């Protein structure tokens, strides 16, 4: 009876993976008493095939879930319509509640029938036995056998806790349950006294900004968190996850962040290979509709690196909602997991981000300054110009206020706090992070990210002459035109390197540098072009084109 109840309440099972020889326990090691032997039959190496009763019951419950999601998103319009028609009176609501209660009872009955179907299936009974054993005792053998199954991630046991590192338990400098530290925007009116009257005047605007951010704004910014989109992408995500596990020996793990969100991760270990880059770990930060199952992790994987992918809060197996604070909390536990559980030193970690993932990447670079390098592909400096691009001009004040208070993705500000090597990849046909049209390459916000970084690190070089010549170089629409501008100013790379190395030897590596202070205008132009070319590479493609492995290069450093 207990097993039947477990089948009724158990998670949905999607796939049973092939048994990987590299993960099997050595023959000399006896199994623990709590371990449950997983099946090795090749007939199970496929998507889980439910019996007819479970299959039909699952279809009914999935359809009900979709209808509930549609009802949730359309509820404001539905309530408005019902109110206008006078259907929200007590005499109309009571019968409706009876219908809703009856429907819930019917769905509960369908769930019980699904449980009976699972109970009659030996594959599911074997799976639920392993899952229960793992929850009782998270031994390495139980977790190894559980990894052979792909199921609803909500039932996956937590593998790593944000407080697990001993250094955080002993010190008070780590994150609290309220979250990690973020850079906050400065008040718009610093000289205005924050009186009670001013607070009351601001209250309607603050309420409006909050509602916009938590309804339309968040879903526009992170469409991957919308349930209906995830439901449509589920087959693709399952296929991508199977590829990572079966072909790349990926290991899935659930991390618990300081805000209580559970973060879905996938780790591919290449340290045992002959390739030297396998000793380096690339932490991948996906875009606003990207998932590690089908996202940018493929680029460093093809290049031979060890890779750690993770999903934003609210994406696929990760819980929560993707607001900046939750995003930073998630990134923090991912980096901690890489250091304290996977055993990588910060000097062996590379942060790689695509598009909106630049926010968490730059936050990690700012918060963990010892990481080896940062690579930002198709990213931007600040969210406000991009948000204003897609909203009406009459909403400018509301959009700016909402972004600054609730969705402040200040990539450039965070990146300037990092002292290590940085590489920016600009898509020359990018249609997403341009503020006008894709053909107008100067409206690409990656340009502004580069300029802000160089102006912070080399303020004397990026004075009038240097800034002007870098802008000309950024306007180049082809490699030929770019090379023409570079050669027009006769940039001597050996001279530029000697100047920078001499300054570093005398003054140390910490930015900002005052190099170029006593330099001629021609020298500043040469140095500015040299630095711009080292920090930004062009890739002739649109925003969503996968980055080829040969374009995944380590940033330049002295």
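Positions of Cβ are set from backbone N, Cα and C atoms, glycine also.
Sequence annotations record features per position, and here Swiss-Prot assigns transmembrane segment to 60-80, 93-113 based on sequence analysis. Positions annotated as topological domain 'Cytoplasmic' by Swiss-Prot: 114-558. What Swiss-Prot records for 281-407 is domain 'AB hydrolase-1'. Under the heading active site, charge relay system, Swiss-Prot lists 355, 430, 507, citing similarity to another entry as support.
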Exercise. How do the residues of the domain 'AB hydrolase-1' (281-407) split into helix, strand and coil according to DSSP?
Worked result: 60 helix, 21 strand, 46 coil
Seminar exercise, completed: Here the mean pLDDT of the topological domain 'Cytoplasmic' (114-558) is 94
Exercise. Looking only at Cβ atoms, how many others are within 10 Å of the one on residue 355 (active site, charge relay system)?
Worked result: 25
Exercise. Considering the active-site residues 430, 507, which residue's Cβ sits among the greatest number of other Cβ atoms within 10 Å?
Worked result: 430
Exercise. Do you know offhand how many angstrom separate residue 355 (active site, charge relay system) and residue 430 (active site, charge relay system) by C-alpha?
Worked result: 11
